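This report refers to the structure that appears directly beneath it.
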Amino acid sequence: MSEHETSQETNINELKKVRLEKLEELREMGINPFGSRYIRDTDTAAILQNYTALEGQKVSLAGRIMSKRRHGKAGFANLQDLTGNIQLYFKKDDIGEEKYELFKKMDIGDILGIKGFVFRTQKGEITVHVEDMQYLAKSLHPLPEKWHGLKDVELRYRQRYVDLIVNPEVRDVFIKRSRFIKALRNYLDDRGFLEVETPMMQPIAGGAAARPFITHHNALDMDLYLRIAPELYLKRLIVGGLEKVYEINRNFRNEGLSTRHNPEFTMLELYQAYGDWQDMMELAEDMISSVILKVNGSMQTEFEGKIIDFTPPWQRITMLEAINIHTGLDFTVLQTAQEAQAAAARLGLKVDAKSTRGEIINEVFEEYVEAHLVQPTFITGHPLEISPLAKKNAEHPEYTDRFELFIMQREIANAFSELNDPLDQQERFMKQVEKRAQGDSEAHMMDEDYINALEYGMPPAGGMGIGIDRLIMLITNSPSIRDVILFPTLRSRE
RNA sequence: GGGCCAUUAGCUCAAUCAGGCAGAGCAGCUGACUCUUAAUCAGAAGGUUACAGGUUCGAUUCCUGUAUGGCCCA
């Protein structure tokens, strides 16, 4: 193993050696290969956009050399910065012998500051005629191929910095991600929501059904969980009178990885006092569609060859109706767990013998309905047993005032009227604790302090969680969640 | 956790099916070229075929295990 590595290192060193020698040559010429602050007065996109005004004008810009074409005593290169890419022209007669030597030594990947004037070549390409150049950083590694870029997904994730240099569409995804999240914040801020930060490290991991990561605080000699959701803390703030709060940040769930799951992922959660699940539905529809319109310039996006139309209103359908449509099963007449069990068996679905009617409804839904939900669809009326933090429906207390939003077969949002009856909440927790005792490691833990908070009185409230990464996948046509997370979780090498 | 697939030069890929000297393009190196743009032309170089074993006269190729990644399933 180590033998293999040393041989690989020697190979890399042969390429790196040449660059280290060039670096030494620069130093001998009195040039610092790793320069400092450089003042730019423009960028590549601005030059291309304002050519008529800038023609013949002097400009100062900086960036990374991405290609080089030498022709004896003149040559071209391309310089890339955040905004794009522009051609540079070096002519020995104009730039002088010494600077022209620098151009000859310059490697693809080097970062330079450039001063020169803007012109158009005979072939019509807007170009900067270089009059002065300054080394800002010497690159010691060769960049991946200019034409095919970096394709090896493992390398792209492990060395995202290289991916970002050579694959411009990757950079665009993360710029769009940032704009999307900023637009969400603006939307909520404009409507009087207060952005807050609640604990990432929690003594009790609550607010969702998931296995948590465990860590340890030395000074307190106490185990802590990385949060699986901020929900119970945000609702404590509703008790405290903050009325409209939201948080956009990471949750951590100790589960397998897939194209839709990363152990740390970004959620938006928001709570609105004196509102309910219907308000959340209106908010979800308006917020998501208007933010997508703002960021994408259209209510339609293409994902894996299908057009998703975010134009409101979105379809609203109860979970039982959806099941009836896609399986023919009518759970309104299947009133007992035994009947539900038998019906599921007829579909060919194996369910745990201990499952309740509500749990079976959920399993049938996940198995036979989710795959049909492509366009934005609100699924409403979830069974009580799978909704331990939601208010019961006033008329049908075996269901809750809740919805989930599905798009492209994925759960994107989850919202409900928040349960504010501390006695009811205590009972629900007790049921979860029983399930936990029976080995369900995803069941909720008892949170006495949360009950205590509810006992002070929490106003009725609507609350919602939105999976940001999955939404970003949809608007950037990214098939894997790893394509929208800068540094996705990977097994460490060695 | 299970199944399937992949791993060859710094990068992108051939050769693997059916065992017989491991090849190309880009990048790098040497040289020519003062408006090129996947620049061009000439030349030389670059490999423990992921790792460890096995079968064989001979293994990148077949077999076993390991590592990492991908897809599907849980």
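A Cβ is built for glycine as well, from the same backbone N, Cα and C atoms used for every other residue.
The domain 'Aminoacyl-transfer RNA synthetases class-II family profile' annotation in TrEMBL covers A:177-488.
Look at TrEMBL and you will find A:Glu404, A:Glu411 tagged as Mg(2+) 1 binding site. Non-local neighbourhood of A:Glu411 (Mg(2+) 1 binding site): A:Glu370, A:Glu404, A:Leu405, A:Gly467, A:Arg470, each in the same chain, at least six residues away, with C-beta under 8 Å from its C-beta.
Marked as Mg(2+) 2 binding site by TrEMBL: A:Glu411. Secondary structure at A:Glu411 (Mg(2+) 1 binding site), as computed by DSSP, is strand.
Looking only at the domain 'Aminoacyl-transfer RNA synthetases class-II family profile' (A:177-488), the predicted model's pLDDT averages out at 96. DSSP classifies A:Glu404 (Mg(2+) 1 binding site) as strand under the three-state reduction.
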